[in-house]
Every structure is written in structure tokens, then in C-alpha cells.
Amino acid sequence: MQIYLPIAEVSVNAFLLLGLGGLVGVLSGMFGVGGGFLMTPLLFFIGIPPAVAVATEANQIVASSFSGVLAHFKRRTVDLRMGTVLLIGGLIGAALGVMVFNYLKAQGQVDLLVKLCYVVFLGVIGGLMFFESLKAIRNTKRGKPPARKKHNWIHGLPFKMRFRVSGLYISVIPPVIVGIAVGILAAIMGVGGGFIMVPAMIYLLGMPTKVVVGTSLFQIIFVTAFTTMLHATTNYTVDIVLAVLLLVGGVIGAQIGTRIGVKMKAEQLRILLALMVLAVCGKLALDLLLQPSEVFSLGAAGGH
Amino acid sequence: MRALLPLLLAALLLALPARANEEIVLGLSQAEVSITTNFNGSEILVYGAVKRDQPIPDGPELQVVMTVSGPSEPVIVRRKEKRFGIWVNTEAVEVDRAPSYYAVVTSAPMADVLKRTEDLRHKVSIPRAIRSVGAPMEIADAASFTQALIRIRKAAEQYQVIEGGVTVDEQTLFRAAVRLPAALTEGAYDTRIFLTRSGNVVAQYETIIDVRKVGLERWLFTLSRENAFLYGLMSLAIAIAAGWGASAIFSVFRR
């Protein structure tokens, strides 16, 4: 069934969109990532104009994250206090990121920078997670107990706060910095930033994996809601019909994903996420390295 | 000026008989296209007749050329080149005006129905319908950018050339079909019909097909432009409601 999207001004298959939404929703629920880093390229691929894809994707992430976070609230796996601290950093970062983005836009080549950002970050994070999880799985197979969290320099910082749900007593400085960094990247790359946030929470802040997913989703809701409003009021690029189709599939997928995620072991969950991140990274890297079949591309004029 | 006047008059007199001789009477299967939610492209049937007050002239047969053109906009065409091992956008050419949709339908191969000079004058073929004046000095092959624009839009069926798409009966009746793709921009679609003999235009007719969003599409589009803040809040409210709804439904299933 074809549906005409009023803002994107293209006609697409409604079931295709529902399916895409569902697929990304499952991943989102499983891993606590918004799924923007997967969905946005997929939308480009089916012919949605990039500006509309990025803006509408933000709106869809609000829905799937909200659906996911409710499931996590019931399980008490959301660290509200940590989420709020991260959110404060995230909003500051997002505002900074928009400034950086506009500066780079004025210099030209913003597409390239976004793609390079994706390749570098997805590659590094995916690679690190993959090897770390592989090691953890090997250790549990051999019967070794998982390595205890070590005390490092992070624990020497001032402004300590107790995060009961995460079982942490650390300074608020690292989470705020993580929030800002993720916010900047999220604004530049046009995604919620879950795929950066989740590993940062696990490896930098030492939060337990089960709590990480819910907390990340909680933070993503607000950052993406902020982005949606920004796009809707300044660029008029939020396509509500597209968003509804994606989010109907997405919210159902997120519910299923959350249930799958609970049944799986943390290491398995992480290794799957790592593989997925690496796959997207590889695809983008190939796009940059191989000769494209069409070296010309069309863009709307005005605003170079 | 004085010397020119008789010349002009003579030209007019020469031109007049040909013009008055054959005239186009046209009908469209639909004069407007409504974009609804389930809009999936549209086929417009154009049928017409040639009205004349004299018998059909001898000589070459009457041919028909039709063009349908969507609203024009400037477009930037960028070219990628390999720099430091990766493919980067390097050069860009701004094409001043390119129609969002353009179709040429003819009754015979293009070369037979229209002379180059007539094509230039009436801007019929696709390269003529696109206007590109100012390519930056440092770009040597500006033409390849325009060609790329045509190639990309042809692949997306936004630009079409249908040779032999017009059927002409007895040099008097003709009909043609134009397919408008699903990805359609709003606006007035300029439709032109040319009658030609041995490549010269003998009569011409112009009309407009109106392409408009209607109903829900219209309402959402207007709201998003005129009341952007409300539209944004509505999008968020729908997102939150859908997220909550799915969660509630699933918790019912689990019990």
C-alpha cells in the first residue's frame, strides 16, 4: 500500500515503513539505543530526503525510547538520578553541537565530516566492545569469575554523589562530561547518541549493563524531543505521517526487544550490539572508499 | 524603425495564414491532480483535434509534440572525486532552473518532428528546458553537470522522453498519455502542445494542470508551515502516546 508523505513529498510503501520501524524498534529495546544510526541511513536508502529523514527520525526515537523506558521502569532498571545528570550534560552538549554543526556547514563538507564521525566512532566503539565481550565470554566459559571493577582516577574526583540504582558512589563530573560529549556528537551526527552513551556508561562510569539500557533510553527521550522541536520550528522537516508509520512499528518492536534483552546474557547482548555497530561502520567506510556508481549528486540550492 | 515596420508586417502576413489554418482544440482527462494520502502517481490522458477551415494541406504529415513541466527550481549538482583515498564532494555547479518534472511526448522520433532551431525557440527537449548559465570559471566541463542532472532525474522517472507516445489519426485527431510519478511536487504543471510539419511549429496550445495536496495532506502541510510549534508539539504528543499505548497493550498481554 503506497502512502504519500505530505512533508517529504514522496510516496512510499506503508508496510515497508512499518517493517523498518519494527526492526529498528526491536534493536532499540534490546540494546537501549535509539536506533537512529541505523534508521537514518535506511531512510536515505528508500528515497526520503535527508533533512526530512534526520528530523523525523528524532521524533520516532522519542516514541520507541518512551515505550522502552516504561518497560524498564516496571523492572526498576532506570537510574533516574544518573539519567538526570547525563541529561543536563546532554542538553548543554546538544546546544554546543548545533553551533559546531552550523560552523562546519559554513565551511562546506559537512556531509563528509558526519560520515567520517560515524566511521571513526562506530569503528572504535564497535571494535572495543566486540573484543571486550569476547574476552568476557571466554572467561565465563573457563569458569573464571568476571573481573571486579577497579578503582581508578575517576573515583578521586570531587562532588561525589550516590547513585543507588547503579550501585555507584562517584563524582558527578564524569557523567556530565559524558553527557556533553554525547550531546555534541548526537547533534552533529543527527542521532540520539545511545550507541555512544551505552558503552561510555559501561566502560567509563562502570555502571551495570542492566541499568545502562533503561537510563540511556530515559536520557534519549529528552534529547530527541528537544531536537524534534528544533527541526519542526526552524526547518519544517518533521513529517508526521512518516513518523507515525515508523513509530507504530517501532513501539511494538521496542516492547519485543526489551523482552528479548532481559532473557539474554549481558555479554551476548554487547557482542551483538558490537557486531551491528561494526557492520554499519563497514558499510559507511566502503561508501567513502569505493568509487560510487554515480559520482554526481543533486542538492537543493540556496545555503551552500 | 520606419524601415523595420514593413518587414514586420510582411513577416506577420506570412506567419498568419499558417497559424490561422490549423488550430488545436484540447481536452484533458483531468485538469487537476489531487494528492491524497494514498496518492500513487497519476496518468493523465490528453486528447485533441485539429480545427481547420481548409482541407488538409499536402506535403509532410502533421506531427504532434507535447510537454508537461513541473515547477522549476534551482538545483546544485555536486561531483565526487577521490582525495586522500576517500570520495569527497569537490566541485559543484548551480543549475539556475530545472523543472521538478518534465515529460516530452512526441508522435515520431524527436529528430523528425522538430527542427533544432524550433527546439531552441520553444525550449522543448529536456536540455533546453533546463537553464544553466553561470558555471564557475574553474570548472572546464560544466556540460557534464547538466548531463548528470538529466541522467539522475531520468533514472527516477522525473524526466521522460516518450517518442511515439502521441497517436495521430487522419492528421486531425490525436491523443497521448502522460504518467505523473508518485513523488510529485505541488504546483502548476505547464502543458504545451505543438503541431509541426517537416519540423516547423505550425500551431501551439498551452494549458495548466494543477497539482494540489488535498484533505489531510493539505491540512498537515499547512499546519507544519503556519503553526510549526503546535505541529512539533503534536508530533511529540503522538510519539509519547504511541510509546505509552504500546507499553500498556503489551503489559495486558503479559498478564
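Using the three backbone atoms N, Cα and C, a Cβ is placed for every residue, glycine included.
Residues or ranges marked as transmembrane segment by TrEMBL: A:12-39 (among others).
According to TrEMBL, the transmembrane segment annotation covers A:85-106 (among others).
Residues or ranges marked as transmembrane segment in TrEMBL: A:112-131 (among others).
The transmembrane segment annotation in TrEMBL covers A:176-204 (among others).
Feature annotation from TrEMBL assigns transmembrane segment to A:211-230 (among others).
Same-chain residues lying 6 or more positions outside the transmembrane segment (A:236-257) and placing a CB less than 8 Å from one of its CB atoms are 3, 5-8, 12, 14, 17-31, 35, 39, 48-49, 51-52, 54-60, 63-68, 71, 228. Residues annotated as transmembrane segment in TrEMBL: A:236-257 (among others).
Residues or ranges marked as transmembrane segment in TrEMBL: A:269-290 (among others).
Contact between the transmembrane segment (A:211-230) and the transmembrane segment (A:269-290) is absent: fewer than three CB pairs lie under 8 Å, with pairs separated by 6 or more positions in sequence. Comparing A:112-131, A:176-204, A:269-290 for CB pairs under 8 angstroms to the transmembrane segment (A:85-106), the maximum falls on A:176-204. If you look at the transmembrane segment (A:176-204), the same-chain residues 6 or more away from its ends with a CB under 8 A from one of its CBs are 28, 31-37, 40, 54, 57-58, 61, 65, 85-98, 100-101, 104, 113-114, 117-118, 121-122, 125, 128-129, 132, 154, 212-213, 215-217, 219-220, 223-224, 227, 270, 273, 277.
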